[in-house]
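Just below is one structure, and these are the notes that go with it.
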Amino acid sequence: MDLRTMTQSLVTLAEDNMAFFSSQGPGETARRLWDVFAGIREQALGLEPPLGHLLGKAHLFDLDAETPANGFRSLVHTARCCLAHLLHKSRYVAANRRSIFFRTSHNLAELEAYLAALTQLRALAYYAQRLLDTNQPGRLFFEGDERLIADFLREYVTLHKGCFYGRCLGFQFTPAIRPFLQTISIGLVSFGEHYKRNETGLGVTASSLFTSGRFAIDPELRGAEFERITQNLDVHFWKAFWNITEIEVLSDSKELSSLVKSEGPRSLELRPRPQQAPRSRSLVVHIHGGGFVAQTSKSHEPYLKSWAQELGAPILSIDYSLAPEAPFPRALEECFYAYCWAVKHCALLGSTGERICLAGDSAGGNLCFTVSLRAAAYGVRVPDGIMAAYPATMLQSTASPSRLLSLMDPLLPLSVLSKCVSAYAGGETEDHSDSDQKALGMMGLVRRDTALLLRDLRLNASSWLNSFLELSKHKAHTNLVPVVEPMRRSVSEAALAQPEGPLGTDSLKSLTLHDLSLEGSSETSENPELSLSAETLASSTPSDVNFLLQSEGTVEGAKAQEEMSTKDRSRGVGAAFPEGFHPRRSSQGATRMPLYSSPIAKNPFMSPLLAPDSMLQSLPPVHIVACALDPMLDDSVMFARRLRSLGQPVTLRVVEDLPHGFLSLAALCRETRQAAALCVERIRLILAPPDPRAAAAPV
């Protein structure tokens, strides 16, 4: 059913139900039912025009005709899911409203919940339309000036979210996922109560968390508490909750439990194993996800074991240090060194190393790209290919149509995503006097305060260096390089100092800490390639960041962008809504979410989407598996488009109706198993590429 037909059918049913309940007398229930159907009629009619506008332009942002996927399409699909549910419920009410078995209270509560969701989706459609009208053609990420982006995000995060976490939880996903999401949401809000009462979670089992009675039977209460937690609690809460769930999963396996039990001092000693079977030609190096702040290799073991069996290849999973205790570039450094070790010691891993694949999901996908960039810059063997599942390639604080989906995503809310990125960037800011923070316990407070002290020392050193470089601008460039070089190596920039090679690394030499300073330089390079690098990494406004497909730097494009930014500032964020429309606002107070992006987030080793062309051209073939309903979808689409524009081999497969993190749910249902099998298929293409001669042979 197309959008117009669906809207008209819903409006007709709403009007029919309004007429019926208006004739049922002055009762409170009849009045509320009339009100809810009047609201459904109003919101459906108001939602159709912006959705039609988005759908008419969405094809301009696809990778190609065979891959119709981007945030605009996903937002329209999500709104259609909500409309379809309301259409089904309206038909049910029309058919059963006279029955003595009609559950009036239950149906009214569900209709009110989905009306609230439809209202918020209408607000998101207007925001997406604003992005579409503001950005230049082909750009998915919002590129106003920094104040405008902050205003946009500040306005966006005030929207009410609880309606998406109660009765409507996971309505956009495949039905097999919804019971799991409900279980997780109950566990989350229950753990939030323990956390609020200054309990660290020790002694709390997952079985007691995930079966909390009042949150299980009261969806509205669960939704309100879920919103409070996601909006206000810090990254340490999320680390604690994810650790509780991971420990419970591990405890179900006696074999795994025996491995983690302490049995005296242990030492790691690698010995060549007896040759019971020939070594595999292939090796998979895996980097796990978890927002850079949580999870371990063990939490990904279930699907990695099946991968190893299906591929017939050993898999080395890297258990890297996590933020905020170990911020950027610690994870990158550890993963890069582990990758180098694996390349050099393939024999110890049961492989000849003829074919090496880097694979990772979410934050691990980001690290796969950056490890490959680092390997290319150092002259280390790059992998033969990368398989990245729903990777994060843009860590700068900005908006895109798919990021708007984080308003309703129970696994990746925007505030949680922002806190994880802030922790990884080393710029986490918290109010330590709040009672919620005291739940960390004494050792947790010591670890956190130590991490904050190290962060402050690092930021102060960086600020001092930036000031020093500002004072040294008048010196010759040859005098500047030796001063910057020692600090470069401490932030994963040592690779940029390599001599020029066949990949054009000379252009990378301009990427110094000065490019990441808090004050942008007004100087420009005469070399176009150098100018691109400086513009990509300088701490200018996001509108200056060059990472898109068409040629940049033209006078016409600059004038158009300037006029667009001026127009946006004069309109204000509220102008995104038509007169008379007022979305629901959150009642949870101010959101603790960093709205300004750290300058280091523009570093290509942190946001590979912002890397210069010369760096991206060093990547091996890339295979991306993304989720259509993932807030990070636009990261995958834009990264694939950039690689395609550079002539780099890249594939993008987008799975429908599954959430971010489906690999960890691989055993949950048929859809997640199929998506996990698609990842294995992509890895197999890297480890055993098809013979081009066989493909060209006549049949």
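Just so you know, glycine gets a Cβ as well, placed from its N, Cα and C.
Feature region 'Disordered', per TrEMBL, maps to range 517-538 of the set 429-450, 517-538. The range from 251-288, 555-592 that TrEMBL describes as region 'Disordered' is residues 555-592. Cβ contacts within 10 Å of Ser362 (active site), excluding its own Cβ and spanning all protein chains shown: 27.
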